[in-house]
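Beneath this line is the structure, given in structure tokens, with notes to follow.
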Amino acid sequence: MSVIKMTDLDLAGKRVFIRADLNVPVKDGKVASDARIRATIPTLKLALEKGAKVMVTSHLGRPTEGEFKPEDSLQPVVDYLNNAELGVPVRLVQNYLDGVDVQAGEIVVLENVRVNKGEKKNDPELGKKYAALCDVFVMDAFGTAHRAQASTYGVAEYAPVACAGPLLAAELDALGKALKEPQRPMLAIVGGSKVSTKLTVLDSLSKIADQLIVGGGIANTFIAAEGHNVGKSLYEEDLIPEAKRLAAATNIPVPVDVRVGTEFSESAPATEKSVTEVRADESIFDIGDKSAEELAKIIKSAKTILWNGPVGVFEFPNFRKGTEVVSNAIAEATANGAFSIAGGGDTLAAIDLFGIKDKISYISTGGGAFLEFVEGKVLPAVEILEKRANG
């Protein structure tokens, strides 16, 4: 990836506009989960250390363009940053499109970009206004890199210099390492409820990976493709031919035993049984012990592991075991020298639940962007940085 990196630039005295991903959940005016802010703090500190005049912005939620409401404000993020021991004051500026007075030794947070008219459709006039605020534009929001918007693409077209921030650069390096030059054998684990939403991902990975593992509702479609009864399980009958095609093209292990329940609830009892014995009134909510052990063996022999999605309904304690065994096997493989990368909301929730955050090589912050990169799609915000880097 030939992009200019923020780490390589002299920023002393320069006005630096950082597009971060500070789209965090807010409850009662306070930040409810700070992971994305914590991930951005090193970028802010780096800009301050380099003597820059620092502006940072983000989207938050889904406001109506042109209509500011208090609940759309980045004020809770500003409050959080003021308590984050950055050593400088942090202030919010609401009206900034005609210019911002920013000094070295402070951080100015520019209000929610999605309130600005033309943001989502990448209005060039808005892109030019953002660009006029800065000497250097830093794209550091991998989670929105798959969207060409005024604050992710337009500004990068018109800013005097456009570069990748440390977070974005790390994402691109980690994904490149997993997908473009993987150590073999390479394993991809794809979970989720539907084959249809992950079909292009499965197709792309089947060409790169030595081994594919499918989990969740996706696995149910593969079980049905083998001719087994899946009862009331979530599966896609119309995609059975696709499942057969993928299974024939790639080595995909299908569960030999499963955990079933008769209702989708936290208190539903789990019954473990052979995959050949699922009754019409039962649903598959997890893999069984034999299948989990089989997957653990495959995982521990891999040298590169890409993980997107759980293998069962891990939110319910009775159907958690499969995902827990898989999670621990990935952690063990990583400890033994494998490179592991994980992405997607459910995957991150599983990582938190099983306490393996520090045992995965790289955890991606992007959901949609992560999947689009895996599919081999060009991410617009990265494409424009490459264009700018190469004149």
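Cβ atoms here come from the backbone N, Cα and C positions, even for glycine.
Feature annotations, courtesy of Swiss-Prot:
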BINDING   ASP21, LEU22, ASN23, ARG36, HIS59, LEU60, GLY61, ARG62, ARG114, ARG147  substrate binding site
BINDING   LYS198, GLU315, GLY344, GLY345, ASP346, THR347  ATP binding site
Max pairwise CA distance, angstrom, over record-listed substrate binders ASP21, LEU22, ASN23, ARG36, HIS59, LEU60, GLY61, ARG62, ARG114, ARG147: 18
Binding-site residues compared (ASN23, THR347) - highest count of Cβ atoms within 10 Å: THR347
Residue among the binding-site residues HIS59, ARG114, LYS198 whose Cβ has the most other Cβ atoms within 10 Å: HIS59
Where the record names LYS198, GLU315, GLY344, GLY345, ASP346, THR347 as binding ATP, the maximum Cα to Cα distance in Å: 21
Those binding-site residues listed as ASP21, GLU315, ASP346, and which of them has the most Cβ atoms within 10 Å of its own Cβ: ASP21
Least buried by Cβ count (within 10 Å) of the binding-site residues GLY61, GLY344, GLY345: GLY345
